[in-house]
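Feature list (source: Swiss-Prot):
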- 14-100: domain 'Phosphagen kinase N-terminal' (DOMAIN)
- 99-119: region 'Disordered' (REGION)
- 99-112: compositional bias 'Basic and acidic residues' (COMPBIAS)
- 127-369: domain 'Phosphagen kinase C-terminal' (DOMAIN)
- 130-134, HIS193, ARG238, ARG294, 322-327, ASP337: ATP binding site (BINDING)
Amino acid sequence: MEKINDKMAKLTIKRLSPEEEFPDLSQHNNHMAKVLTQDMYTKLRDRATPNGFTIDGVIQTGIDNPGHPFIMTVGCVAGDEETYEVFKELLDPIIEDRHGGYKPTDKHKTDLNPDNLKGGDDLDPNYVISSRVRTGRSIRGFCLPPHCSRGERRGVEKMSVEALDSLSGDLKGKYYALKNMTDAEQQQLIDDHFLFDKPVSPLLLASGMARDWPDGRGIWHNDTKTFLVWVNEEDHLRVISMQKGGNMKEVFNRFCTGLTKIETLFKDKGTSFMWNEHLGYVLTCPSNLGTGLRAGVHVKIPNISKHAKFEEVLKRLRLQKRGTGGVDTAAVGGTFDISNADRLGFSEVELVQMVVDGVKLLVEMEKKLEKGQSIDDLMPAQK
């Protein structure tokens, strides 16, 4: 028995040479595969963050998921706050590529003052079905979902629920742990677009974020279900403000108020969110760095969405389209989820402004096409 214990103490990860371990990325279309070379892999392979996260943990999801039909995926994740520094040779070029030339020396800006948003309360409700703003936050001192332990995940849940239970007024609400829900209750919340999906997404599974499901996961929402917080899905926290119709101003107002209150409640508990002046708010996926903000509307645009210039219009407006049910879905009945393409290098107010102005223009184009008119005079300049 002593011999076995002695052997266990000396156990190290058995790996072959970097050449033999380097993944085959020849069929891949994601940001990680564009950047990672064998030389870089060799250089980064023997590094680990203080929590033991390695380059193989960073890239696994991008190896297992070569590409995506709708969007160019990032193909990597962070396991902790230090990942972005320890593996910066890989992650800096990916961040620059994904975030429109954002340089390693650039500094991020934050603006959560809803008074700085112009308009936004007048999107046409005949076209705009619902409006939503979300972001993610990571709690300092814990590993991120791809690498956290069961105990850490439960610690994040406990701390979050204690903070959220202190919210009052129209933000007052209740926490619902996933493990206490029936399948029918879960499915109803998913169908109503309130809850994250069951862990079927290959991006979630391959990165290790679905371990121990549903332990430590849940949803907190206010009584009217217009302010929600997801706990321990892709990020420690996803903060969401949403409602039916086109009043993005109201949605953003609630978002800023609630988010600021939550941050204060965490500070009162002696902890803070992961943030630095270069990357802004640090989150699991490099695509969400900076603001972590996605302002989206479900909008009925059956005509413009079939137009030859639709993709070009979106690109110029710095907008992204998704299917009706989110990132892995197709559009139903010409209804698309239209949101800001950027997260980093722009402030929260600037991103919501782009969505408000851009969606207004898309609705204007849709109305012209309904009448059989040309939209050439409405073509926007590149933002």
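Note: Cβ is positioned from N, Cα and C throughout, glycine not excepted.
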Handout entry: Tally of residues which DSSP labels helix, strand or coil - the region 'Disordered' (99-119)
Key = 3 helix, 0 strand, 18 coil
Practice task
Select the most exposed residue of SER130, ARG134, ARG238, ARG322, ASP337, where exposure means the fewest other Cβ atoms within 10 Å, treating these as the binding-site residues.
Solution key: SER130
Handout entry: List of residues, in chain order, with Cβ under 8 A from that of ARG132 (ATP binding site) and at least 6 apart
Key = ILE240, SER241, MET242, VAL251, ALA295, GLY296, VAL297
